[in-house]
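Heads up: the structure comes next, in structure tokens.
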Amino acid sequence: MSKTPERLVTSEVRDEDMTEASLRPLTLADFTGQAAARQNLSVFIAAAKARREALDHVLFVGPPGLGKTTLAQIVARELGVNFRSTSGPVIAKAGDLAAQLTALEERDVLFIDEIHRLNPAVEEILYPAMEDFQLDLIIGEGPGARSVKIDLARFTLVGATTRAGLLTTPLRDRFGIPIRLEFYTIEELERIVLRGARVQGLALEKEGANEIAKRARGTPRIAGRLLRRVRDFAIVDGVESVTRTLADKALSLLDVDPIGLDQMDRRYLNVIALSFGGGPVGIETIAAALSEPRDAIEDIIEPYLIQQGFLQRTPRGRLLTPHAFRHLGLKEPVRETPQYGLFPDQSEED
């Protein structure tokens with residue numbers, strides 16, 4: 001079975017993204033976009049420093065690639081404390097979490113990415129750690145088992161998730177500072193691209209940066225990746241400065257259209273449009289038709305299509321909008337007006 005080729009515009013982390021740490025902003029003042037989140041964080045951080053206390057636990061919610069990890073690092077840097085990072089799937093058992101927590105010093109920041117994927121048994125251990133700064137561990141087995149309490153330094157837990165709905169209510173309620181991150185505007189992405197070009201020593205015209213920003217799907221991680229690919233074309237073509245024309249040529253050859261859709265997006269839209277009459281159709285059916293996992297569709301493909309007005313999630317399934325048919329150059333089918341609010345179809349898998 002052939003392996004699905006990697007998508008250029010996926011917001012998932014790829015190896016090349018990890019090598020560009022120097023492009024990341026180091027302070028809230030340097031961070032572009034997410035104005036409300038930055039303003040609130042600056043107030044909470046200043047207040048915590050003035051009280052000489054640990055910052056309340058923070059939860060970042062939003063699609064991949066919007067800066068959750070970067071903001072977590074900035075929080076630690078602005079507080080002047082140590083930063084430790086892990087992820088939900090890595091913490092397999094209570095001992096793994098205990099090792100992380102007992103290594104923390106006063107007011108340190110522990111970042112848990114994909115916190116919605118924590119083992120339920122580990123999550124139970126996390127509750128008293130977040131609330132009372134204590135670890136309740138069971139030592140031994142059977143009749144000889146005993147409970148041991150370990151005092152922890154007062155720390156800040158920063159969680160990140162793309163699936164807030166999968167968090168249990170007890171865990172979600174223990175975060176005093178919930179922050180939702182939004183997709184970036186083209187203007188914000190343009191500034192990010194221009195900054196990245198300066199760091200890389202690449203001459204980039206403003207119009208060229210705008211062309212890259214328009215195709216970056218509202219996501220800085222994708223903008224950085226597109227910039228690197230355009231840079232490759234500039235080097236091979238031997239041009240001194242990246243213009244809009246060069247950026248358009250490079251990204252068109254890479255099959256990224258003027259609004260950032262790629263072959264996978266168009267395949268998704270075409271499956272619903274041509275195979276299922278524009279919908280509504282259930283997510284499991286779409287996943288089977290595309291031979292893609294449901295999580296990847298919900299986390300990576302759909303958020304941008306919804307944000308662009310191409311797709312609706314309804315009680316009966318996924319439904320393409322007239323805007324999607326116009327973009328695909330297809331005629332919209334005549335559909336009966338759905339009475340979603342009256343008789344919701346309980347068979348939808350969402």
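Placement of Cβ uses the backbone N, Cα and C atoms for every residue, glycine included.
Feature annotation from Swiss-Prot assigns region 'Large ATPase domain (RuvB-L)' to 1-184. What Swiss-Prot lists as ATP binding site is Leu23, Arg24, Gly65, Lys68, Thr69, Thr70, Glu131, Asp132, Phe133, Arg174, Tyr184, Arg221. Swiss-Prot lists Thr69 with the feature Mg(2+) binding site, giving sequence analysis as the kind of evidence. If you look up Swiss-Prot, you'll see 185-255 marked as region 'Small ATPAse domain (RuvB-S)'. The region 'Head domain (RuvB-H)' feature in Swiss-Prot is assigned to 258-350; the stated evidence is sequence analysis. Residues or ranges marked as DNA binding site in Swiss-Prot: Arg294, Arg313, Arg318.
Among the binding-site residues listed (Arg294, Arg313, Arg318), Arg294 has its Cα nearest to the Cα of Thr69 (ATP binding site).
Each of the binding-site residues Phe133, Tyr184 was scored by other CB atoms within 10 A of its CB, and the lowest score goes to Phe133. Confidence in the region 'Small ATPAse domain (RuvB-S)' (185-255), given as mean pLDDT, stands at 93. For the pair formed by Gly65 (ATP binding site) and Arg313 (DNA binding site), distance between Cα atoms is given as 22 Å, rounded to the nearest Å. Secondary structure at Arg318 (DNA binding site), taken from DSSP and collapsed to helix, strand or coil, is strand.
Here the C-alpha separation of Arg313 (DNA binding site) and Tyr184 (ATP binding site) works out to 22 Å.
Candidate binding-site residues: Arg313, Arg318. Fewest other C-beta atoms within 10 angstroms, Arg313.
Calculated from their C-alpha atoms, the gap between Phe133 (ATP binding site) and Arg318 (DNA binding site) amounts to 44 Å. Counted within 10 Å of its Cβ, the other Cβ atoms near Thr69 (ATP binding site) come to 19, all protein chains included. In sequence order, Arg195, Gly196, Val199, Gln200, Gly224 constitute the residues six or more apart from Leu23 (ATP binding site) in its chain with CB-CB distances below 8 Å.
Arg313 (DNA binding site) carries a strand DSSP state (E or B). Annotated pair Arg294 (DNA binding site) and Tyr184 (ATP binding site), C-alpha to C-alpha distance, rounded: 25 Å. Taking CA atoms as the reference points, Tyr184 (ATP binding site) and Arg318 (DNA binding site) are 25 Å apart. Residue counts for the region 'Head domain (RuvB-H)' (258-350) under DSSP, helix first, then strand, then coil, are 42 helix, 9 strand, 42 coil.
Helix, strand and coil counts under DSSP for the region 'Small ATPAse domain (RuvB-S)' (185-255) come to 52 helix, 2 strand, 17 coil.
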